[in-house]
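Look at TrEMBL and you will find C7, R13 tagged as active site, nucleophile. Under the heading active site, proton donor, TrEMBL lists D134. According to TrEMBL, the feature domain 'Phosphotyrosine protein phosphatase I' maps to 1-158.
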Amino acid sequence: MKILFVCHGNICRSPMAQIFMQNLISQNGLDDKIYVDSKATHTDEIGSPPYYETVRILRENSIPLIDHKATQITHCDLANHDLILCMDDENMHSLKRVFGTHEDIGQKVKFLLEFAPENLSRNASDHKNFIIDDPYYTRDFKKCYEDISRSCEGLLEYLMQKI
């Protein structure tokens, strides 16, 4: 199963989710079953490593880092991934612009926060419950980490039922 995390610049939220999720996958012996990656919707930070605050919060929580450089999503990513998870409405809008009206969008493209335990019974059309704010602007990397970690733990449970 191939999972892609997406945010604006691919230096804060999406690499945090990728790195956290990779750690969960490895801890559960699922490296040969689940592949994760992350990409940006915009070109602002292409080639950049994760933002220093992203690295700090991951280290504070003893999450092993991986080598990462920001890359941009392309239209091919829809066909190449089983699930594409974004962080906010702006990301979702950008993904729909990149992928067009492809029939797989509704099945494959979702908000990461939909997988947090408290959101599993909520209607996916109510987007305000599924926003992970960009900590680059809010400066709240702790809340971002908490949202991502809860969501990734729920995502792992979901994926384990699928593989």
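Backbone N, Cα and C atoms are what each Cβ position is placed from, and that goes for glycine too.
Note that the structure is a prediction, hence the values are computed from the model and not measured.
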D134 (active site, proton donor) has how many other Cβ neighbours within 10 Å of its own Cβ? 19
Which of the three DSSP states, helix, strand or coil, fits the residue listed as 'active site, proton donor'? coil
Taking only the Cα atoms, work out how far D134 (active site, proton donor) lies from R13 (active site, nucleophile), in Å, as a whole number. 7
The rounded CA-CA distance in Å from R13 (active site, nucleophile) to C7 (active site, nucleophile) is 6
Can you tell me the mean pLDDT for the domain 'Phosphotyrosine protein phosphatase I' (1-158)? 94
